[in-house]
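Colleague: Sharing a structure with you now.
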Amino acid sequence: MSEDFYDVLGVSRNADGDDIKQAYRKKAAKYHPDVSDDPNAEEKFKKIKKAKEVLTDGEKRQMYDQLGHDRFQQAEKRGGVGGGGNSSGGSARGDPFGGMGGQGSPFGDIFEQFFGGGQGQRRQGNRPRQGQNLQTRVQLDLEEVYTGVEKQFTVRRPEKCPDCNGRGHPSDADVRTCPQCNGQGQTTTVRETALGRVQQTQTCPRCDGSGEMYTQTCSTCNGDGVTRQEATLSVDIPAGIRDGQTLRMEREGAPGDNGGPRGDLLIDVSVRDHPDFERDGDDLYYRLAISFPQAVFGSTVEVPTVNGETTLDISAGTQSGEEFRIRNEGIPHLRGRGTGDLYVQVQIVTPENLSQKQREALEAFAEAGGESVDVSQGFFEKIKSSF
């Protein structure tokens with residue numbers, strides 16, 4: 001038997017929408033593939049997302065509770081599970097036993113959804129509906145990623161029309177019954193499935209579920225009920241976030257219908273390239289130029305970090321391309337579980353112009369090592385030609 005969605009999120013069957021969302025955020029933060037060390041993190045994260053998708057959709061959750069986990073998944077594979085009209089993720093799920101004349105049958109809604117009939121066919125278009133999610137992008141510097149930042153940004157989003165208050169028509173416009181759904185707000189279709197012939201309803205596309213049509217439309221919003229306006233918002237971005245990750249601001253998306261809540265705003269994070277550092281996960285890489293004497297005799301050098309400087313001991317006899325590790329000078333791990341490291345790759349710089357004294361000293365050095373030195377090709381030229 002597959003794992004129950006309530007068990008996946010670790011909530012009770014009586015949990016409301018806020019409890020489910022809180023549990024989802026906690027589980028997602030723990031098992032997100034980008035931050036979790038669990039070898040099965042990706043599979044667990046998929047289960048967590050699926051559980052949240054079902055349990056925060058009023059109609060899907062009711063069907064899940066009535067059918068049970070295995071039968072629900074079978075029905076979903078056959079195409080017998082539709083998306084709920086209320087995706088707000090809240091606990092309000094309408095009348096849980098509607099359409100059975102007040103009898104309180106636990107199977108009222110599900111049989112009305114599949115087979116139609118009864119009071120379940122009455123207009124549902126006026127129910128509160130959550131607004132659409134919107135998407136935007138913010139750009140960060142590496143220094144902001146290192147510290148975390150409260151980022152202010154501007155987004156254009158739909159807002160309720162100020163002239164018609166979101167109605168889409170003047171308050172004195174004449175109203176008539178929608179001819180397509182006859183005022184029901186829904187249209188009905190019949191199709192064949194693995195369960196047999198089923199009857200399903202959907203929101204009327206002509207009146208958008210209201211069951212009514214108006215003789216005039218608002219000239220400001222052209223009947224849409226919304227206008228696009230700029231909004232200035234700020235979001236707290238945690239230290240350690242990576243390029244391509246997405247943040248969610250709840251209830252900052254498009255306005256809902258019929259008093260429903262706003263959708264969410266999804267913020268895609270983009271991190272600018274840094275002129276000095278390259279990032280790999282939470283580790284940073286830096287190329288450090290040193291002189292030949294520093295490489296030969298060793299030296300203590302200053303190395304830049306994202307938030308300042310630190311010192312590095314170059315050991316005697318260091319070779320070009322050798323790498324040194326400075327612990328805890330990388331990027332903080334997301335969710336505050338330590339810090340990455342800074343890797344410093346040494347590049348020995350060959351001087352292009354030597355004084356006569358420098359040349360003689362290096363030639364003597366080379367000869368002392370048993371090399372035959374051609375004056376026309378000094379020691380550094382040999383080094384150059386070896387690369």
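The backbone N, Cα and C atoms fix where each Cβ goes, glycine too.
Since the structure is predicted, the reported quantities are computational estimates derived from the model, not experimental observations.
The Zn(2+) 1 binding site annotation in Swiss-Prot covers Cys161, Cys164, Cys218, Cys221. The Zn(2+) 2 binding site feature in Swiss-Prot is assigned to Cys178, Cys181, Cys204, Cys207; the stated evidence is sequence analysis. Annotated compositional bias 'Gly residues' per Swiss-Prot: 80-105, in sequence order. Residues annotated as compositional bias 'Low complexity' in Swiss-Prot: 121-133. Sequence annotations record features per position, and here Swiss-Prot assigns domain 'J' to 4-68 based on sequence analysis. The region 'Disordered' feature in Swiss-Prot is assigned to 76-135. What Swiss-Prot lists as repeat 'CXXCXGXG motif' is 161-168, 178-185, 204-211, 218-225. The zinc finger annotation in Swiss-Prot covers 148-230.
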Colleague: What does the DSSP secondary structure composition of the repeat 'CXXCXGXG motif' (178-185) look like, as residue counts for helix, strand and coil?
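Modeller: Reading the DSSP string over the repeat 'CXXCXGXG motif' (178-185) gives 0 helix, 0 strand, 8 coil.
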Colleague: Per DSSP, Cys161 (Zn(2+) 1 binding site) is which: helix, strand or coil?
Modeller: coil
Colleague: Consider the binding-site residues Cys178, Cys181, Cys204, Cys207 and say which one has the Cα lying nearest the Cα of Cys164 (Zn(2+) 1 binding site).
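Modeller: Comparing Cα positions, the candidate nearest Cys164 (Zn(2+) 1 binding site) turns out to be Cys207.
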Colleague: Whole-number Å distance between the CA of Cys207 (Zn(2+) 2 binding site) and the CA of Cys161 (Zn(2+) 1 binding site)?
Modeller: 18
Colleague: Sort out for me which stretch, of 161-168, 204-211, 218-225, has the most Cβ pairs below 8 angstroms to the repeat 'CXXCXGXG motif' (178-185).
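Modeller: Answer is 204-211, with the largest number of Cβ pairs below 8 Å.
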Colleague: Could you break down the residues of the repeat 'CXXCXGXG motif' (204-211) into DSSP helix, strand and coil, giving a count for each?
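Modeller: In the repeat 'CXXCXGXG motif' (204-211), the DSSP-based counts are 0 helix, 0 strand, 8 coil.
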Colleague: If you measure Cys178 (Zn(2+) 2 binding site) to Cys221 (Zn(2+) 1 binding site) at Cα, how many Å is it?
Modeller: 21
Colleague: Over the repeat 'CXXCXGXG motif' (161-168), work out the mean pLDDT and round it to an integer.
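Modeller: Overall, the repeat 'CXXCXGXG motif' (161-168) comes to a mean pLDDT of 88.
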Colleague: Whole-number Å distance between the CA of Cys218 (Zn(2+) 1 binding site) and the CA of Cys181 (Zn(2+) 2 binding site)?
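Modeller: About 23 Å separates the two Cα atoms.
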